[in-house]
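Reading through the C-alpha cells given below for one structure.
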Amino acid sequence: MKVKVIPVLEDNYMYLIIEEHTREAVAIDVAVAERLLEIAGREGVSLTMVLSTHHHWDHTRGNAELAHILPGLAVLGADERICALTRRLEHGEGLQFGAIHVRCLLTPGHTSGHMSYFLWEDDCPDSPALFSGDALSVAGCGWHLEDTAQQMYQSLAKTLGTLPPETKVFCGHEHTLSNLEFAQKVEPCNEHVQAKLSWAQERDDEDIPTVPSTLGEELMYNPFLRVTEDAVRAFTGQVAPAQVLEALCRERARFQPAVEPPQPQVRALLALQWGLLSTHQKK
C-alpha cells in the first residue's frame with residue numbers, strides 16, 4: 001500500500017492510496033480534482049473510488065468534477081450532504097480494492113456524518129493506516145460543530161483510540177504546529193509534547209508535511225486523547241471525560257492565534273488554486 005500525501009488549498013491534505021499490484025487507487029477528500037488527476041496520471045494508476053470523510057467544501061469540492069471526468073466513479077461517504085455522493089456508507093462497513101481492506105468508522109463530533117477510514121493490506125508488513133479527516137489531527141482534533149462532547153469523546157476515545165498503536169494517522173489539515181503549542185500550554189511538563197514541538201518546528205521551517213503520526217504517539221501528546229490524565233483535568237478544571245474534552249475545545253478556540261488577512265496577491269493565488277478565478281479573462 002502506497003500513500004501519496006497531496007497538500008492543497010491553504011492547509012488541506014488529499015490522499016491517493018495505491019494498490020501496487022493491481023495499480024488501483026482510491027482518493028480520500030478530493031478538494032482539487034485537477035491536482036489529484038495529475039498525481040494519479042504520474043503514478044499510472046486507475047482511480048476507482050473516492051472516500052469523503054465529511055461534507056465540508058474543502059474536503060469535497062473536487063468530487064463533482066472528478067465524477068464528470070470519470071463516469072462510473074464511486075463517491076462514498078456517510079453524509080448525504082457530500083457532493084456527488086453515489087452511495088452512503090454505514091459504520092463498520094467493509095470495502096476492498098485489490099489486497100487493501102477498508103473499515104468504515106463513523107466518528108461524529110466535527111460533523112454528524114463524519115467517517116474515518118481504517119486501511120490495511122493482506123500479507124503486508126506495513127502498519128495499518130487511519131485517514132481521520134477532521135475527527136483527529138496531529139496533536140489535536142476538529143471542533144465539535146454538530147454533535148455533543150459525549151459523542152466526540154466516544155469517537156476519539158472508543159472508536160479511534162482503541163485502534164492498534166502502530167496505526168499511521170493521516171489527517172485532513174496541517175495544523176500540527178499550533179496544535180502542539182496548545183498541547184504545551186495544557187501540559188507544560190510533558191516531554192513528549194516538547195520533543196514533538198521541536199520536531200514540528202523543523203518540519204515547518206522546511207515546509208515538509210508532518211503527517212503521518214502514529215496513534216501510539218498521539219496518545220502521548222495529544223490532549224484530546226488524554227482527557228483522563230490528571231494534568232489535563234487540572235488544566236480544564238473538569239473531571240468527567242466529556243466535560244474535559246468540551247473545555248479543551250473551548251480553550252483551543254480561544255488559543256487559536258489571529259491570522260492577518262492575506263495580501264491581494266496572495267488572495268489571487270489562493271483563488272486560482274481553489275478554482276474560484278480563471279486565468280482566461282473575457283475581452
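Every residue, even glycine, has its Cβ placed from backbone N, Cα and C.
The Cβ of HIS56 (Zn(2+) 1 binding site) lies under 8 Å from the Cβ of THR111, ASP134, each on the same chain and at least six residues away in sequence. Reduced to three states, the DSSP call for HIS56 (Zn(2+) 1 binding site) is coil. The Zn(2+) 1 binding site feature in Swiss-Prot is assigned to HIS54, HIS56, HIS110, ASP134; the stated evidence is similarity to another entry.
Annotation source Swiss-Prot lists Zn(2+) 2 binding site at ASP58, HIS59, ASP134, HIS173.
Excluding ASP58, HIS59, ASP134, HIS173, which define the Zn(2+) 2 site, the same chain contributes ASN12, ASP29, ALA31, THR53, HIS54, HIS56, GLY133, GLY142, GLY172 within 8 Å (Cβ to the Cβ centroid), listed in sequence order.
Counted within 10 Å of its Cβ, the other Cβ atoms near HIS59 (Zn(2+) 2 binding site) come to 28, all protein chains included.
Listed binding-site residues: ASP58, ASP134; maximum Cβ neighbour count within 10 Å falls on ASP134.
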